[in-house]
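Below is one structure, written out as structure tokens, with a few remarks after it.
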């Protein structure tokens, strides 16, 4: 035994040595590439191909999540769920979707880099670490984010100086992105994220704020905000139209797209189903004692390119460039609700065959000879679904307008329709006055007037009623001209909190009135849950009954203990029994999603002073009961969500909001006015005579000119009684368009060219000279000069050419999803799918239709025909064979009968049998008998 120990020890040592070397080799093979790769990524020595691989993998992850969402929505049978309807109503137009997708690909790429570089090292991601500039550029370019992070190219033409760009870009020549569509919302205070960069407050329910957890937003709704419909107090001063105008104008200046995907990237969690916080899913948790699901679906707003997790690697590390949200619209009061905020949407909205510069109208439905909004072209959202069982309304498409939310409620669609009619009325009249104008000039001049009327009605008639005269004077004040240092970009707190004060003024009923402004006998009042989406506008009386109801019905008064009616908190977007949504909880959750600082921070911002105790809150809201409920939920004034805090304040004198929202709304309206180079009062935008005519106009006059109402209130926002408060339309001042008459100067040397195919020509004058400005429609590129000065010698001007852009050749930003193939069309492109896949609602992604390919169906049909044919042929052959067999048997029988012995005699000598069958021989063979011989022979198988 003693002799075996050394031997065993030696053997064990050799084994351990071999094992150690093996482990070292394995570790070297496994870890060395990682450390080298990490070093390369961190210190800029990685090849571009590896970075592109990360981006491409991230693209597949994001597109997979998007495709899952599209497939889920397309496969939905029956009525959509409330959360699907909400996502449909927030579906951005294609340009915004492309920007949102690019931002999510970039975010996923940076996440992947973080995981690869730091995750395998077993340590957290330090915000102070940055990626090399070359790597950042590669990610930004490959993801598609780079073009949306750079200043746009501003055209230097007479036309660009005369009319605003459809995107809002280049309004400020020194800051061309200010107020432009698809740029980040402005921050007036640094955001408040739980991790300092991206995660919302409340993402981790165990995190405490001032020693207290944040209350679930649904609990805030239940205990503070919700009020039964029957308990609503009506406004004795202002009409429902004031509320609807506020919603309409909100949709003119702000739209924040949700995440392009409704599923967690890489994790596969569906935001419609999961109750976990897995970006972009941020579900609204329900109380444990609530029946039904444990949460309400909620998707985060898409991040702007280069912000949040992606932004931590960019520029200013002291602020870490936290997550920002995108505004898909122009910030300006420019009637983008009518004309859109992108060239692609503007192209869809215009009637390109008219010489008057008209907008498209509905060709299937008319309202007593007046136009309706056109329908969206397929593929269109499935959201605009009628009530089940309603005859003649199945499959009504959504309306197409400058904003995708035009179809949400009939009252909102009514205002969109009103302004569509007003544009076409103005464009036709202006073209009649100026026969030499091109269609584009008539369109642009009418658009300019409609935009000015939006500005006048909002700043002159709407905002002072909301803020009250004193707060309006304090925060907005008189117009003193264009201020190029004023940033007009809509702020996050305005769009996400302050301007949502209008939700507290929504009446639970939509009322439709007859010509005497009485309840319409055939059109009873509708609860909001029965009034979503557009078909009632088409099938139930058109605009006039709705507008009568808006003019003569009071709005809901925003009473402190009646903040929001239960039509919005309990039955939002309900079309069936598939659940509900809660608008109040959505507003609170959206504020946290956007990183809005709390109520106290904004009070300090507006000079109102911070609150520290329950008693101070009670004093600020002047309501002990309400203050007690809020403090019981939040624990400390610092924790109160800004939207709730602003709503809880008592109304200012002759106002419909408290001091905080008056400050925030007033500040934003002043920025929208003073920071807009094309504001209607700005020098050079209109002539003095034109400004005087515009100042005479009103919303009441617009209603007179575009509906069948013979009389209206002088102030459309003042709740009015019929007939004493109504004026005949002939007494309501309107525009005298003669001041827009433009006579060509005598001896004008400009020879107008023939119409420019797929483009427009505008005669423009500036600095004492006249020029021709050429532009191409969306999808075409100008080849030749943009602008040509008129020659003193006269003569025809040779126009440039508009060439089609082949979007399908853009490999860096393919217009179609990888699941689809791109086909170039004149002025655009078309995404096509291989059967049985079909295009999803985004128009670019192919999803499974749930059926067999058409070719397979044809093959199956042909196969069935072939099988049936073969079966028939086989049956025919069998029948013929059987028939032939029977005939053969009969022939044998007949033959046997003729060769049989006479009756009474058997075969052979015994005569005992009358059988026709010959006697069997040995082994069962028949024995033939030769009648001529006494001898016999054996026959094989057949008679002789």
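All residue numbers here begin at 1 and follow the chain in the order shown.
Just so you know, glycine gets a Cβ as well, placed from its N, Cα and C.
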Where Swiss-Prot places transmembrane segment among the ranges 859-879, 880-900, 901-921: 859-879
Candidate sharing the Ca(2+) site with 330, 332, 334, 336 (per Swiss-Prot), from 252, 270, 289, 367: 252
Record-annotated N-linked glycosylation site (source Swiss-Prot) among candidates 277, 623: 623
Sparsest Cβ surroundings (other CB atoms within 10 Å) among the disulfide-bonded residues 170, 663, 729, 776, 802: 729
Packing count at residue 831 (disulfide bond) (other Cβ atoms within 10 Å of its Cβ): 22
CB-centroid shell, 8 A cutoff, heme b site 250, 408, 503, site residues removed: 246, 247, 251, 405, 412, 500, 502
DSSP-derived class (H/G/I helix, E/B strand, else coil) of residue 271 (disulfide bond): coil
For residue 281 (disulfide bond), the three-state class that DSSP assigns: strand
Averaged pLDDT score, the topological domain 'Cytoplasmic' (880-944): 47
DSSP-derived structure type at residue 704 (disulfide bond), helix or strand or else coil: helix
For residue 250 (heme b binding site), the number of other Cβ atoms found within 10 Å of its own Cβ: 19
For residue 271 (disulfide bond), the number of other Cβ atoms found within 10 Å of its own Cβ: 26
Using Cα positions only, nearest of the recorded positions to residue 663 (disulfide bond) (170, 250, 729, 816): 250
